[in-house]
Each structure stands twice: as C-alpha cells, then as structure tokens.
Amino acid sequence: MAVIVISWLIIFFVLFTSGDFFISTYNLICKRKEVYSIPDTTLLGLFFTIIPLSVSSFFIPSNHYILFVFIILCTGYWIWKRERIILLLQKIKGLLYTLTFYQKVLLAFLFLSFILIAVWAPNGFDAMSYHYANIRWNEEYPVTPGIANLEDRFGFNSNLFLLDAIFTFRLFLGYPVYTVQSLIAIIIFSWILLEVFRSKFELKRVILFIISVVYFYYEHRGISDTSTDIIPGLITFYLVAKIILYPESFRQNYLLYIFVPIALAGFKLSAAPVALLSIFLAIAVIRQKEYKPLIFTTSLLFLYFVLWMTRTVIISGYLIYPLHEINLFAFDWQVPVETAAKQRFLIGYYANEYMAEAFRNGIAVRNKYYIILSFIYLLTASSLVVSLYATFKSKNTIYKYVLATLILCLCYWFFFAHDFRFGSGYVFATIFMGVACILGKKKYSFPRLSILGISLLMAWMAAFSFRSASYYNECLKDQLHMTEKSGRITRILLHPYSAKDKMAALKENEAADEYFSIKQYKLNNSVSIGISAYPSGWYGDSIPCIANKEGTPDFWTIPDIRWIEARGNSIKDGFRTKGGSINNGN
C-alpha cells in the first residue's frame, strides 16, 4: 500500500507540473488567461508528457533515467514558479479547511478504496499476454523495428504503455508497478465527491457520484492494472460531466476541450470518435476568429500524432495498426498483411461474441454482473431518448455537441466491438446526460437522504475493496507460501501484488496442472527469443519472448516463431518475417 501511495505522489508531481507548464506556455503564446483545476491540469500533463517522451524513445529506452530528468525539470520549474506553488498549496489547504470532519472521512474512505483496489490486480488476459511485455520493451530498448512480428498487438502502440514505462519504479523495487490509471481514477472520483460537497448535496451531483460508484464496480480490475480502455473511458466520462455541470467551461477552456479528446486516440484508437467534441469547438473558435489558440493546439496535436505514427511504423510497418488498408510502406520488418487482417477481425469478433455467448448460454439471466449490465443498457437507451427529446427542444447548443459526440461514440462501440469495457465511459456519460436533461436547470437537494446514501455507498466501496485485497493475502499464503500472518500483513501494507508475483504464482502453484516454462530459441548466433509453454501464451513481462503457437489457441496469439528471423546481430536491430516478405504468413 505504501508503494502505491508513493508512486501516486511522484506520478502526480510529474504530470501536474507538465500540465501547468503546458497551460502557462499556451496562455503566454496565445495571450489567453485560461484557468484550470487540478484534474484538468493533470490530464493536460498526461498527454503533454507523451510528446518529449516519444521523441526520446527513438534514441534511448523510456525508464528511470527519463523519470529522473522529468523530476529534475519539474523541480526546477517550481523553484522558478515558487510563488505559484505556494498559492496552490494555500488553495488546497483552504479547500481541506472548508470540509467538515464527516466529509474528510468520506474522502479518506474513497482514497482507501482505491489504494486497496490498486494493491490487488489479479491476472488479466491482455496484461499477461502483452501489456507488461510491451511496457518492458519500452523500458529496456528504444523503439525497435518489427517487434510486432513477435507479438502483433505491440503494433497498437498505446501511448499508455510508453508513459507506464517511466513510472514502473522497477529499479527501486525490483519489480514493476502500474499505477498511472489508478491515479487518474482517484483524481476524477475525488473531483466528483468534492462537487457533491461544494453543491451541498445537490441531486444532480449526488446521482453523478452514484453512477461513478457503478463505474468503479465494473471497471475496478482495469483501474488496478494496465487496461488501455480505462483512461479514454474515464476521461470521456469526466469531460462530459464537467460540460454538463459547467457548460460555460466548454467555450472558455479551449486547450482542454480541443487537445484532450483528440489526443485520446493515441492511447486507444477506438476513442477517436470523441474527437468530434473537439471539432465542434474548433469550428466555434474559427467563427470567433480566435486563431492563435487553434493554431497552437493543432500544431501540438500534429506533432503528437506524427510521433505516435512514426513509432507505429517502426514497430509494425503500418501507419496505424491493424488498419492494413493504409499500407504506405514496404519495410522488411512489416507485419504480414494476413496477420493485421486477422487481428482486426479478432478485435471485433471476440468483443461481440463475449456478450452474445453469455446470452446464448443463459449465463446473462443468472449472473449478477450481466443482470445489472442489462439494466445499465436499458438506462442508456432511455437516457439517449430523453436527451434527444430535451436537447433538440431546447436552444442549448453545447448539449447538442455533447449528445452528437456520445451518439457517434455509442454507435461506433455498438456496431464494431461492443464489449462493455470498450464503451463503459460512453455508457455512463450518456446516463448522466439523461439525468441532467430530466432534472433541468432547477436545483434539487435532499441533504439527509443524500448523506445516508453516500455513506452507505462509501461503506460498500471500502468493504468491496477490502474483500478484493483479501485475495492478495490468500495468494501469498496458498500460492507464494508465506505462512507467517505478520509477514503477509507487512507485505500487503508495503507492496502491491506485482507482475513478478503473478509469474511466480503461475510457475509454482496456479499452473500446477498446466506446465509453465519459458524456453530459449535461437534466431541466430547472437539473438535468442523465449517461448512460453503456458497454454494461454502468457509470459508476463519476460522479454524478448513469444507465445508457443503450437500449444496456444489461434485466436489468442497470431505470430509463430517459425515465421520470424532477426534483422541483425542485436535485439535493437529488430525482427521480420522470414525472407523479409510481408506476405509470408503461412
């Protein structure tokens, strides 16, 4: 637990400082006076940090050395801006002073819930299949030509994994932690709870908090680990909620609402429809002839995506993977077209079949998860109808922009890959918009009932999180053979359940009936690749490594070691399919 908190503090320091620098530079160049909250500043820093990090990744690994540089630069920035940091600290102190003891207790319970969730991140299929390995590649090597030939999903090139790489703290801990997502989640959830307090338990904000608790229930596993769906979903949910609560902010905070929605696509390509919100605002800015903010923002976005696409080309041979139709290059390291086409099919197939299978087998009518999910879908559809009616009846142009964006996001999600985790942010944002349309501008407040409801929800969150963390204790005892209770408690208070623990559990106990090992395979005299014998193809953060194609289901992994050869005598030289052919997929 201590490691989680310390990592949050360091990550927050870097991201918030980067965001503050970004905002200050923007205001100075564009002669603006845009003011941003702590969550806004942190989110802007999240995406701005990617730009220098992408540049350095072409030459050196993204690891603790880069983190040291960021910390030094951030410290220097606050020494230069020491009056501003004093003012910020005074504001935070003033905010805490305005909170009642009861409100501080609720806030403490919220933090405790997220710490407990972050402590225990159970095995996730995508995380163990390629997330951890992708992050470690970024830690150990500069961007490497053709590594998507080893694991084609590396070709997705999520900026989240590049950011995670500098914040694993592997050098200091001996194992990696992945806490960027849980930090962003606790910041957004804290903002929602503080909104409830500031409004004196206004009904609209209380319902927003209730929706966020349901969000927590469905996405807690992704929040605790490396899921690339969490940050795009959470940020979309946050932006929509903020626009609904503060419509005027949409026309005041150009940097936030133009830069962030578009930049989300670099974290998860399926988040691209959210960019429609930015396009609406950009058109409004052009009409007002305020060109400087737009030129500044679009220039930074252009650089952001040029760097992202260049990395993707080096990794996979494609401008955007797995969109093999955009085939502009003929590099020898290019992933076979057949592999890209199969991966594109599998993304939609698995996401759509996952839900359909539950209903076909009758699981959905017996399982609590699916029963509540069905109710959520019903609420979403109802909210959409209510929002359409209310929005087009009113003259609120901003609501129309938000609704059009949500409809596009929901349609893209539903028709292409409607696994709930891909669209949870859109779903919950739509439900809240429906609530806002029903309640209208009039403010309703039921303090006593709201206090009781929020207290019960916070108690449930804490109990749920504690139960989740208790699995860590069971794992330490049964799978990692820590027999002393005091030793297990100390371990939990200090350290999270790490990728290193997961690999140890697989080798020692969890996979006792399924033989697990990683054997070395020589591609040439200088380059060897590990092959995982585990049936699911998992290999955690062991690199360079590949799943055993002969023992793994076809839809779990595509590349085959028999296709692959080294491009040189060093791992940094990269990998390609044999013969350098892009059609050598058999």
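Every residue, even glycine, has its Cβ placed from backbone N, Cα and C.
Because TrEMBL annotations are produced automatically, they should be read as predictions rather than curated entries.
Under the heading domain 'DUF8201', TrEMBL lists 1-428.
Residues of the same chain lying 6 or more positions beyond the ends of the transmembrane segment (6-29) and with a Cβ under 8 Å from any Cβ of it are 36, 38, 40-46, 48-49, 67, 70-71, 74, 77-78, 81, 84, 167, 169, 177, 179-180, 182-183, 186-187, 255, 292-293, 296-297. The feature transmembrane segment is assigned by TrEMBL to 6-29 (among others).
Per TrEMBL, transmembrane segment is recorded for 41-59 (among others).
Feature annotation from TrEMBL assigns transmembrane segment to 65-80 (among others). Remote same-chain partners of the transmembrane segment (65-80), defined as residues 6 or more beyond its termini with a Cβ less than 8 Å from a stretch Cβ, comprise 10, 13-14, 17-18, 20-21, 49, 53, 56, 166-167.
Under the heading transmembrane segment, TrEMBL lists 101-121 (among others). For the transmembrane segment (101-121), same-chain residues at least 6 beyond its ends with a Cβ under 8 Å from one of its own Cβ atoms are 1, 4-5, 127, 178-179, 182, 185-186, 189-190, 193-194, 197, 216, 220-221, 223-225, 451, 454-455, 458-459, 461-462, 464-466, 468-469, 471-472, 492, 496-497.
Beyond its flanks by at least six residues, the transmembrane segment (172-194) meets 3-4, 7-8, 11-12, 15, 37-39, 42-43, 46, 64, 95, 106-107, 110-111, 114, 117-118, 121, 132, 135-136, 160, 163-164, 205, 208-209, 212, 216, 222-227, 230-231, 234-235, 237-238, 241, 495-496, 498-501, 541 of its own chain at Cβ-Cβ distances under 8 Å. Residues annotated as transmembrane segment in TrEMBL: 172-194 (among others).
The transmembrane segment annotation in TrEMBL covers 201-218 (among others).
If one looks beyond the transmembrane segment (254-282) by at least 6 residues along the same chain, the residues whose Cβ comes under 8 Å of a Cβ in the stretch are 22-23, 26, 32, 34, 36, 40, 43-44, 47, 50, 156, 158-160, 228-229, 231-232, 235-236, 239, 243, 290, 293-294, 297-298, 300-301, 304-305, 308, 320, 401-402, 404-405, 408-409, 412-413, 416-417, 422. Residues or ranges marked as transmembrane segment in TrEMBL: 254-282 (among others).
What TrEMBL records for 294-321 (among others) is transmembrane segment. If you look at the transmembrane segment (294-321), the same-chain residues 6 or more away from its ends with a CB under 8 A from one of its CBs are 26, 29-30, 47-48, 50-51, 54-55, 57-58, 143-148, 152, 154-157, 159, 162, 254-255, 258-259, 262-263, 265-266, 269, 282, 285-286, 327-329, 331, 333-335, 340, 343, 582.
Residues or ranges marked as transmembrane segment in TrEMBL: 369-391 (among others). Counting only same-chain residues 6+ beyond the ends of the transmembrane segment (369-391), those with a CB under 8 A from a CB of the stretch are 214, 218, 358-359, 363, 399-400, 403, 406-407, 410, 420, 427, 430-435, 437-438, 440.
Cβ atoms under 8 Å from those of the transmembrane segment (398-416) belong to residues 236, 240, 243-244, 247, 250-251, 270, 273-274, 276-277, 280-281, 348, 380, 384, 387-388, 390-392, 422-423, 426-427, 429-430, 433, 437 of the same chain, restricted to positions at least 6 beyond its ends. Taken from TrEMBL, the feature transmembrane segment covers 398-416 (among others).
Under 8 Å from some Cβ of the transmembrane segment (422-439) lie the Cβ atoms of residues 203-204, 207-208, 211-212, 214-215, 218-219, 229, 232-237, 240-241, 244, 270, 351, 376-377, 379-380, 382-384, 386-387, 389-391, 399, 402-403, 406, 409-410, 413-414, all in the same chain and six or more residues away from its ends. Residues or ranges marked as transmembrane segment in TrEMBL: 422-439 (among others).
The transmembrane segment annotation in TrEMBL covers 451-472 (among others).
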Quiz item: When you scan the chain for residues with a C-beta under 8 Å from the transmembrane segment (201-218), skipping those not six or more beyond its ends, what do you find?
Solution: 113, 185, 188-189, 192-193, 195, 234, 237, 241, 245, 372-373, 376, 420-421, 424, 428, 431-432, 435-436, 439, 443-447, 450-451, 453-454, 457, 460-461, 464
Quiz item: the domain 'DUF8201' (1-428): mean pLDDT?
Solution: 93
